[in-house]
Amino acid sequence: MDIAGSLCNASEGPVLRPEARVSGNGDLQFLGWNVPPDQIQHIPEHWLTQLEPPASMHYMLGVFYIFLFCASTVGNGMVIWIFSTSKALRTPSNMFVLNLAVFDFIMCLKAPIFIYNSFHRGFALGNTGCQIFAAIGSYSGIGAGMTNAAIGYDRLNVITKPMNRNMTFTKAIIMNVIIWLYCTPWVVLPLTQFWDRFVPEGYLTSCTFDYLTDNFDTRLFVGTIFFFSFVCPTLMIIYYYSQIVGHVFSHEKALREQAKKMNVESLRSNVDKSKDTAEIRIAKAAITICFLFFVSWTPYGVMSLIGAFGDKSLLTPGATMIPACTCKLVACIDPFVYAISHPRYRMELQKRCPWLAIDEKAPESSSAASTTTTQEQQQTTAA
């Protein structure tokens with residue numbers, strides 16, 4: 001029996017590539033066995049030497065992505081709906097929250113491509129589907145990182161300069177436009193193959209930029225995009241939130257020292273003792289989301305560096321699918337972090353969806369909060 005016949009008997013469908021040799025035990029093919037010959041050129045050679053995973057792994061990931069798609073679509077859809085239609089939430093600062101939700105929503109739009117490929121066990125939608133998948137992922141991933149940095153910048157101004165907030169709608173819109181423009185080159189360059197290209201990875205069901213081709217241009221692209229899309233936003237996030245934490249600690253220390261001089265237990269009201277201020281709660285939500293961004297994208301960044309500069313044998317199809325899934329998971333979790341931590345969003349959600357049984361107390365009036373803040377600052381200054 002010839003090789004093609006052996007492969008047909010070992011697979012559940014027709015083998016389009018006879019050169020996808022049968023493995024030693026005779027019951028598994030190499031990846032790409034069901035890819036048309038005219039599509040093979042788009043797949044890095046590294047993956048064509050890896051064994052095809054069991055069909056159950058494809059189906060399990062497909063079901064997992066169905067869950068991610070539903071949760072992300074509903075969660076981010078609600079954030080976009082409420083933040084864009086509620087007057088109470090229509091503030092310059094929340095323009096960044098809305099922008100992040102848009103990026104996360106876009107991220108989930110590529111899930112149907114992955115799901116279709118998974119249930120067809122490979123590169124079913126071909127190079128066209130791959131380019132769409134990777135372009136969406138690049139825009140949404142890089143955009144989410146830079147938006148998280150912008151949120152950190154805004155939170156720093158709100159908390160350290162509460163009486164001199166200089167964020168306006170115009171400035172917020174300009175910053176969001178800059179973020180979108182910042183993402184564009186990292187999508188257009190590989191999409192047009194001017195610099196690098198988008199290729200399938202892992203089980204050939206997802207796509208990203210090429211980090212496996214062994215040449216200088218690929219290594220330069222990987223190093224450049226790693227710096228500008230991951231290192232830069234991460235450093236900005238760390239700086240902004242370290243400044244916020246430092247300011248909060250120094251402010252609390254000053255209040256305690258002043259209270260001690262005045263022989264009182266605390267300068268804060270009973271309301272402030274029982275709960276954090278709205279600004280701090282929002283900052284906590286932002287810190288959580290930035291932490292999720294770092295945790296979810298770090299494995300992917302490390303994987304791409306290994307592919308470009310390290311030992312490629314470490315990159316098995318199964319190992320590369322783990323970071324590919326974790327970086328999608330954050331887009332699903334983000335909206336629920338805000339649902340838990342953002343007080344005004346919770347109030348609006350409670351009003352529009354009472355069946356969710358959210359119990360969020362109305363915050364103090366802005367005037368009262370402003371008066372309290374002013375008194376604290378005056379007392380601290382007097383010290």
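Just so you know, glycine gets a Cβ as well, placed from its N, Cα and C.
Topologically, per Swiss-Prot, ASN34 is found on the other side of the membrane from PHE249. Disulfide pairing as given by Swiss-Prot: among CYS70, CYS183, CYS207, CYS232, CYS130 connects to CYS207. Taking Cβ-Cβ distances under 8 Å and a sequence gap of 6 or more within the same chain, the neighbours of CYS130 (disulfide bond) are HIS42, PHE123, PHE198, VAL199, PRO200, CYS207. Comparing local CB density within 10 A for the recorded positions CYS207, LYS328, the maximum falls on CYS207.
Of the candidate ranges 58-82, 95-117, 221-248, 95-117 contributes the most Cβ pairs within a distance under 8 Å of the transmembrane segment (134-153).
In the three-state DSSP reading, LYS328 (N6-(retinylidene)lysine) counts as helix.
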